[in-house]
Amino acid sequence: MGKTVLLIEDEPNIIEAVRFILSRDGWRVETHSDGATAMSAIQKIKPDVVILDVMLPNRSGFDILQELRSAEETEALPVLMLTARGQTKDRELAEHYGASRFMTKPFANSDVLNCVRELAGP
Amino acid sequence: MVGFNMLIVVCLAYVVLLFVIAFFADRRAALGKLGWLQSPIVYTLSLSIYCTAWTFYGAVGNAARSGLEFVTIYLGPTLVMVGWLWIVRKLVRIGKTQRITSIADLISSRYGKSNLLGVLVTLLAVVGTTPYIALQLQSVTLSFAVFADRAPERVSSGWDLPDLNATALWVAAGLALFTVLFGTRNLDANERHHGVVTAIAFEAIVKLVALLAVGIFVVWGVASGPSDILARIDASPIANWELRPGRWAGLIFLSAAAFLCLPRMFQVMVVENTDERNVLTASWAFPLYLLLMSLFVVPIAVVGLDLMPAGSNPDLFVLTLPLSQGQDGLALLSFLGGFSSATSMVIVAAIALSTMVSNHIVMPIWLAATTTGATVSGDVRQVVLMARRISIGAVLALGYAYFRYSGGGTALAAIGLISFTGVVQVLPAMLGGIFWRRATRVGAAGGLIVGFIVWGYTLFLPSIGGANILPETVMLSGPWGLGWLRPQALFGIAGLDPVVHALIWSMVLNTLVFCLGSLLSFPTPLERLQGVQFVNIFEHSTGPRGWTKSGVESEDLLVMSQRILGPEQAQRLFQHEAQAQGKVGFLPDTSPDFLELLERELAGSVGAATAHAMIGQITGSARVSVEDLLAVADETAQILEYSSQLEAKSAELGRTARQLREANEKLTELSVQKDAFLSQISHELRTPMTSIRAFSEILRDMEGMTPVDQRRYSSIIHDETIRLTRLLDDLLDLSVLENGQVVLNEAPVRLRDVIERAVSASSQAQTTQILKVRRDTASEMVTLVTDSDRLSQVFINLIANARKYCAAPDPQLTIKVRKYESRVEVDFVDNGQGIPTKSQSLIFEKFSRLSDHAAAGGAGLGLAICREIMTNLGGTIAYLPGQGGAAFRVSLNLKQVV
Amino acid sequence: MDAAHLLPLLGVLLVILPLLRNSEAEPASTSSAILYLFGVWFGLVLLSAMFSRLLKEQNLLKEQKELDQEQGDAP
C-alpha cells in the first residue's frame with residue numbers, strides 16, 4: 001500500500017482521530033491546518049486522496065476545492081469534503097464545486113475509512 | 001496703634017479666608033449644589049468690581065478737589081443698569097446663546113469670527129487695563145505705607161520702612177497665584193468660576209461695610225448727625241466747587257460706556273452670568289449698591305479737610321481719618337475694604353485678559369504652528385490652560401512693571417479716566433454690532449484702530465509723556481509745527497478738558513470711520529449670518545446656520561472635541577446628540593445642526609474664531625451655501641416663521657427616515673446574522689461531538705490498546721464534553737438574561753474588589769499573552785449595590801477580550817473609574833487597533849465574532865451576554881469610539897445603600 | 001414694559017438737568033445739590049425695583065399661561 005492521504009483540518013482532536021483511524025489501515029497521513037497555504041501543501045505532498053474541511057482559518061474549503069478543480073494536474077484529485085455546519089446548502093455547494101465525496105461531522109470512523117479506500121481506487 | 005506686623009498678619013488672614021471661600025464655593029459647585037452660588041445677590045455683588053480701589057479711596061479725594069463731580073463715575077453705570085432692557089439684556093442673551101468668552105470674542109464673533117478683530121480688542125484691553133492694575137497695586141502699597149509710617153516698630157527701634165516695591169511685588173504674586181488657582185480650573189465659559197465670583201461677592205460686602213462704617217463714624221461720631229454734616233458741607237471749601245458741564249456730561253457718558261466695555265465688567269456681567277433673571281434684580285440692587293458706596297463720600301471729604309493737617313493726601317482720608325481719631329479697628333476695616341477693592345478688580349481683570357490673550361493670540365499661533373493636515377494633535381486643553389496661566393502671570397507682571405516704571409506717582413492717579421477712555425473705543429463696534437445689521441468687519445476694525453490712535457495721541461501718550469515720548473514743542477504747537485494737530489487741541493479746538501477732548505474726538509472719529517467703513521464695504525456671508533443672529537437675538541434664537549452638509553466622520557470630530565472639552569464632556573455631548581437623532585452610541589450624524597452646536601460648545605472654551613477655524617479644518621469647508629444666504633435675505637417674519645416650520649418638519653421627517661433606514665439596515669444585517677448564527681451554532685456543537693464520536697468508536701472497536709492511549713483518548717472525550725457543556729451554559733445564560741428571568745443577588749460591594757477579582761480570574765484563564773493592566777485603585781473605592789458575580793462576569797469578559805484581540809506589541813489595558821452624583825463609569829481601554837466604525841454597532845449581537853474563530857476560542861457570545869447582564873443590572877455597556885484602541889464603557893447607576 | 005424702557009431716559013434727563021441751570025441765577029448750595037442728586041438716584045432705584053417686580057410677575061404669568069396651554073393641548 002503506502003498511499004498518501006492529506007488531511008486539511010484545523011481541530012487538533014479531529015486530526016488525531018483521523019490520523020489514528022487511517023494509519024492503522026496502512027495509510028501515510030499528512031496534515032495541514034491553514035487554508036491560505038493549503039494549495040502549496042497539496043502541490044508539494046502530491047497526495048492520493050485529500051480530506052478537506054470547509055471552515056478553515058483564512059480560506060474556505062470550497063475556495064480551495066474550486067482552485068483544485070481549475071488546475072490541470074489536480075483536476076481529478078479525489079477530495080472528501082467534511083463539514084460541521086450540516087446544512088443542505090453546503091452539500092449543494094460541495095457538489096457544485098466538484099467534491100468527490102461529502103460527509104457531515106460527526107462521522108462514523110468506518111465511513112471515513114471506507115470512503116478513503118474507495119477514492120484511492122485499487 | 002496697629003503695628004505693621006499685625007497689619008501683615010491681618011492681611012494674610014484675610015487672604016487665607018478668601019482662598020477658603022473660593023475653595024468651598026468651587027467644591028459646592030463641583031458637587032452640583034449651586035443653590036445660592038447663582039443667586040441674584042451674588043451676581044449683583046460681583047458687579048461691584050466696578051468699584052476698584054481707585055473709587056474706594058479716590059472718590060473722597062476727588063470730592064475734596066472737585067466736589068460732586070465724583071458721582072458721575074457712579075451715575076453712568078446706574079443709568080446703564082436701570083436701562084438694562086436696552087443693552088445689558090441683549091448682551092447677556094447673546095453671551096449665552098453664542099457662548100461668548102470675552103468682549104474680544106463678542107466683537108470677533110459678531111464680525112464673522114474674525115481673528116483680526118479679536119486681536120485688536122485684546123491689545124486694546126491689555127493696553128487699557130495694565131495701568132489700571134498698576135493703580136490698584138499703588139493703592140495697596142500706599143495704604144500699607146500709611147500704617148507703616150505710624151508703626152511702633154519704626155518709632156521704637158528705628159527699623160527701615162518695609163520696601164514698598166516689595167509689598168507691591170508680593171501682592172501681585174499673591175493675586176497671580178489666586179487667579180491661577182481659581183480662574184483656570186476649567187476651560188468652558190459655561191462652567192463658571194464659582195469660587196472667584198463668590199470670593200469677590202464677599203469682598204464686595206467687605207468694601208461696602210468698610211465705607212459705610214467710616215461714613216457712619218464721621219456723621220454720627222465726629223459730626224453730630226446729618227443736619228450738622230450738611231451745614232459743615234456748605235461751610236467747607238468743597239462748597240465752592242463748580243459744575244463743569246463738559247466734564248459732568250462727558251464723565252457720565254464715559255463711565256456708562258466703560259461699564260459696558262471694560263473687559264472685567266463684561267466678564268462678570270455676561271460671561272459669569274448664570275441666569276438671565278439675575279439681571280432683573282441687579283437692575284435696581286446694583287444702583288443701590290453704588291448709591292450706598294457714594295453716600296458718605298462728601299461727608300468724609302469735608303470732615304477730612306476739616307480735621308486733617310493741611311497738605312495731607314485727601315485720597316487716603318478713608319484710612320487716615322479714623323487713624324487720626326484713634327479708631328484703629330475702623331482704620332483696619334477700611335484698609336481691608338480698600339484691599340478688597342483692589343484685589344477683586346485685579347483678579348477678574350486678569351481672568352478676562354488671560355482668556356482673551358489665550359483665545360485670540362496664543363491659540364491661533366499655536367494652531368498655525370502645530371496643525372498638520374486636517375486635524376489638530378495633542379491635548380489642546382492643557383495648552384489653553386497653560387496659556388491662560390502664563391497670561392495671568394504676564395498681565396500681573398505688566399501691571400507691576402508699569403507701577404515701577406511710572407514711579408507710582410501722581411501720574412497714576414489720573415490713569416483711571418484715561419484707561420476708561422481707552423477701553424470705550426470698543427463701544428461703537430459693540431453697539432453697532434448688536435443693533436445694526438449692516439455693520440461690517442472693515443468698519444469695526446477701522447473704527448477701533450482710529451479710536452485707539454486718537455486716544456493714544458491725545459490722552460495716553462501725553463499722560464505718561466514727559467519729554468521722551470511727546471516733546472514739549474509737539475504739545476504746544478503740534479507735530480511739524482502743525483497747530484491743528486496739537487494733541488490736546490485737535491483741529492484748533494482748545495480749552496477743553498483733556499479727558500473730554502480726547503473722549504469726544506476719539507468717539508466721533510471712531511464712530512465716523514466705523515459707519516463709513518461699514519457702509520462702503522460689503523459683509524461676508526458669515527458676517528451676515530452672525531449679524532442677524534446678534535441683532536435679532538430675541539426674534540429667532542435659532543438662526544440660519546453656518547455649516548452645510550459635509551461628509552466628515554463624527555469620530556474625527558469626537559477625537560478633536562475630546563482634546564478641547566475633555567473626554568467626559570465631549571462624550572456626553574456626542575452621546576446626547578446621538579440620542580436626539582434617535583441613534584445609540586457616541587457617534588451622531590454630522591448634520592449642520594450638530595456642527596453648529598459643536599462649534600458653539602468649542603467656542604465656549606477657545607473663542608468663536610478658533611472654534612470656527614478648527615471645525616473648518618476638519619470638515620474641510622467653511623462655506624456658507626446660497627440657501628443659507630437666502631435665509632438671511634428673507635426679511636419678513638412671516639417667511640421666517642414659515643420656513644422655520646418647514647425646517648422643523650423636514651428635520652422631523654429626516655429623523656424618522658433615518659431611524660427607519662437604520663432599523664432596516666439592522667434587520668437585514670440581523671437576518672444575515674441569524675443564518676450565520678445557525679451555521680455557527682451547528683459548527684460549534686458538531687466539532688466537539690466529532691471528536692467525541694470518533695474517539696469513543698476507537699475505544700469501542702480497537703482491541704489491545706495500551707492503557708496510556710486509553711487514558712489519553714478518554715481525556716480528550718472528557719475535555720470536549722466540557723467544551724460542549726460550556727457552550728450550552730452560555731446559550732442558556734443568554735436566554736435567561738434576555739427573558740429577564742435572572743435572579744440577582746444584590747448586595748453592597750466595593751468596585752475595587754470586583755475589578756480585583758475580574759483581573760485575577762482572567763489572568764488565570766490564559767497565560768499565553770502578557771497583558772499589562774493599568775489601574776487607579778484609589779478611584780475604585782466606590783461602594784455600590786449590585787450583583788457582584790454578574791458584574792465581575794462582565795469585567796472578566798472585557799479583560800479576556802483585550803487579552804485575545806489586543807494586537808499591540810506591548811499590550812496594555814487601562815481601567816478607569818469615574819464617579820458621578822448618581823452614576824459610576826468604568827472604562828476599559830486597550831492600546832490595540834480598536835474596532836472599525838462599521839462593526840461597532842454589531843459587536844454586541846450574538847455570534848458576531850469579528851475575526852476568525854480559532855483565535856477567539858469562544859462562540860462569540862461574550863459581549864452579548866455582557867450587554868444582557870448590564871441591562872439586568874440597570875446599567876449599560878457601550879463601545880467608546882475615538883480612544884486609540886478598543887474601548888468599552890460600563891455605566892452603572894449608584895443605588896443608595898439601604 | 002414700555003415704561004421700563006423709558007426709565008433710563010428719565011434718569012439721563014434728571015442728572016443732566018443741573019447743566020441747564022441759568023448761570024446767572026443764584027448758585028444752589030452744595031448741600032441742596034447733594035440732596036437733589038441722591039434723591040433722584042434713590043428714586044431711580046425705587047422705580048427700577050418696582051419695574052423689576054412687575055416684570056417678574058408678568059413673566060411668571062406668561063410661563064403659567066404657556067403651561068396651561070400645553071396642558072390644554074394635550075388630549
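Yeah, the Cβs are placed from backbone N, Cα and C, and that goes for glycine too.
Residues annotated as transmembrane segment in TrEMBL: B:6-25, B:37-59, B:71-88, B:116-135, B:164-184, B:196-220, B:248-266, B:286-310, B:330-353, B:386-405, B:411-436, B:448-470. According to TrEMBL, the feature coiled coil maps to B:646-680. Among the features that TrEMBL reports, domain 'Histidine kinase' is placed at B:680-896.
A contact between the transmembrane segment (B:116-135) and the transmembrane segment (B:286-310) is absent, since fewer than 3 of their C-beta pairs, 6 or more residues apart, lie under 8 Å. Here the transmembrane segment (B:330-353) sits apart from the transmembrane segment (B:286-310); fewer than 3 CB pairs are under 8 Å, leaving out pairs fewer than 6 apart in sequence. For the transmembrane segment (B:196-220), same-chain residues at least 6 beyond its ends with a Cβ under 8 Å from one of its own Cβ atoms are 18, 21-22, 25, 37, 41-42, 45-46, 48-49, 51, 56, 179, 182-183, 226, 229, 268, 272, 289, 292-293, 295-297, 299-300, 303, 318, 321-322, 325, 327, 330, 333-334, 336-338, 340-341, 343-344, 347-348, 351. The stretch with the most CB contacts under 8 Å to the transmembrane segment (B:37-59), chosen from B:248-266, B:286-310, B:386-405, B:411-436, is B:286-310.
Distant neighbours of the transmembrane segment (B:71-88): 47, 50, 55, 59, 247-248, 251-260, 269, 279-280, 282-284, 286-287, 290-291, 293-294, 431, 434; these residues of the same chain sit at least 6 beyond its ends, with a Cβ under 8 Å from one of its Cβ atoms. Highlighted: of the candidate stretches B:6-25, B:286-310, B:411-436, B:411-436 has the greatest count of Cβ pairs under 8 Å to the transmembrane segment (B:248-266). Averaged across the domain 'Histidine kinase' (B:680-896), pLDDT for the predicted model comes to 82.
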